[in-house]
């Protein structure tokens, strides 16, 4: 199968596939970051995570329309404002959902899974009714269009590079928030010992709500970034939900490094195989590989041995 | 537990419940519904097998599988493969470039029947495969995971991923599986045309009979010591383990049983509806099957049947007239059944209806089936 | 596994021989090179400050935690490589610190599940509640003061009654080594007295390891006391000797 290509061609193919894999990695990681907080820290299975992401995407789309129509001179920077709005919208919805639904279900994780699945169906239908069933795409500002030619055969899209950069920035922000800020300490304290955390004066209910809201807000930002490389439709969120859960579980639910490593492994495996096999077989083999590894090593890639 | 009113393994109220359901399914519905509507009920009842398995697996043992569609589909595909081979006799397919193989294989330039299709020339082997293939698959998954103590949400997510993988695989391997359309154009079973109204009525009663056999099996398992061990495991797994039980074996057993029940339902689906496709295998149908069980009451064997009928009836009527409302309704149902009615119809029955009915007052508060799901 | 070669000349009369037992969690040694021996029909009480590794020792013996090094022999049989349920079948019974019973089942069913018959899948499916089972359950129920509550859901029992029920679940197994983790913790004074009575009846004809803080209670039942501190044995012997040990006094009263 390699004989049709020269060595340099092969090299460029690998670089380009690797780049495609890196974009997939960014998408996985952006989605997984929010989930890693909600699932990894709180133990809540949020099947509606994809829909929170799509909300961010819609917010971005409407912001772009607004700028296009009313503030065309500032169109170049609309994305940064959209991202903030997406974070606020998804985060606020997340906090509302936590208050109305999730907080009653902390002791019943499997039931949370079913309830959030119901929520995802409702949100999908709402998006379809309000925003229409068609997929929408945003217009990229001029500076994000085009591509960089690294060599004659290798070129990379600027929007892809931008999304990658954004992913790195958000990941660093989350890491700092969880591991360096006092708020992150509170979250981890609540996770490890809810009663004790309450006893030393942490408002555990507030921490829960903010944590869930933060996870959803990050999903919204992920959706915002997602519009730079793909279009948005009412059911687009569901396409990634299983993959994302596998990413988080595969990485070891409570480890940020694990999430990053696992998103990287899965996305690279999938995009490399996609070149040689059909897209569906690449996905089957990737998922199957992850499932089998999880069966052999259920705790995921990274885990701390704790005293029970 | 005292044994008043308990004959063999059924309590008196169970017998009453089974008889009422039997009258409904065998007498009332066939007499009141036209053949077309009755076929719908027959189709719904095939899902009731899945819900029944989920009562044991999820309700009693606490193992939530989001991949029951996989087993439903495997059972259905086994049956469909047999029927397809019968429909693809050399005579029927002589216009193909390779006569004697299913049409979709011919379209995909396959010239020889794949090895895993060959056993499905035999009807007895097919019957065995309908139960054995899904049960074996469930055994492999269950053994690998329960022996390593994977449970709860991890198990749910992994079974869901398996459902996704199998769907992608079936859709992708068109030549071997019929792809996204599935295996269609099924005609006869042993020369008996299954497409006529008369045949469908017969199949309806076969389906009801099988369902009752499975209901009795479920009652037997529930009332055996194994049923109580499942409840005990759901509650305090470690205590059961340190009472000398290999907990994983019991989980594997109940998961395989649920898979086998789903597979029987899938096979009956293929027979009654006349095709099988990946749209009954994936993530969405699998999780919808969980809601049938939840609506009926996750701890109620008969509730599973009523829940399945109710949700599917609602789905059919709503999606005929207000398709956009149906998704909202289904979503709301998931939330409501979890937040407000964790014991489903059976819970409503036990709390509000049964106390008003004197002859059923044998309801014992000690019945493990009556165990409330902790309302927070 | 262990660097401690004692096994060959092991006294066959020991019911339990723990040698060189070590477990570390991420480098922290919760139990550190522990060795002790329990005779047949001996009642051994393990005491020690919080975090001394008492519960971990029981976890190691019953297989809930796996040892990093060392050996645990029960009647000459190595337990460290057995699965949890096989350790139970070998004759080791363990009561957890917080009452661990099945809330959704009746008292009768709770006891019945521990009845040593029908412990595999097939056996459980074909298990019959015959006269022998019923008789044994009722006998144990009256020992644990629950004879008149057999048909009640276990959830409705008081905390003390739940503790008794779990003790009953162990009794019906008839283990040769019984391990109890703080059996009187959280009990009222009258329940405490009744429990002491109960323990006196059930500890006959078997070896028992008890973790307990109540010194009065310890003095009452212990043949020998082992004092754990930071995963190591600080002192061991009859109660009077241990109480007089300056190291023990230092740990308990010092700082």
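Our numbering is plain: 1 for the first residue shown, then up by one each step along the chain.
From the backbone N, Cα and C atoms, a Cβ is placed for every residue, glycine too.
The transmembrane segment annotation in TrEMBL covers B:15-33, B:45-67, B:123-146, B:153-172, B:202-221, B:242-269, B:289-313, B:325-349.
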Any chance you could find the range in B:45-67, B:153-172, B:242-269, B:325-349 with the most Cβ pairs under 8 Å to the transmembrane segment (B:123-146)?
B:242-269
Counting a contact as 3 or more Cβ pairs under 8 Å, with residues at least 6 apart in sequence, do the transmembrane segment (B:202-221) and the transmembrane segment (B:45-67) touch?
yes
Range from B:45-67, B:242-269, B:289-313, B:325-349 with the greatest count of C-beta pairs under 8 A to the transmembrane segment (B:153-172):
B:45-67
Please work out which recorded stretch in B:242-269, B:289-313, B:325-349 has the most C-beta pairs separated by under 8 angstroms from the transmembrane segment (B:45-67)?
B:289-313
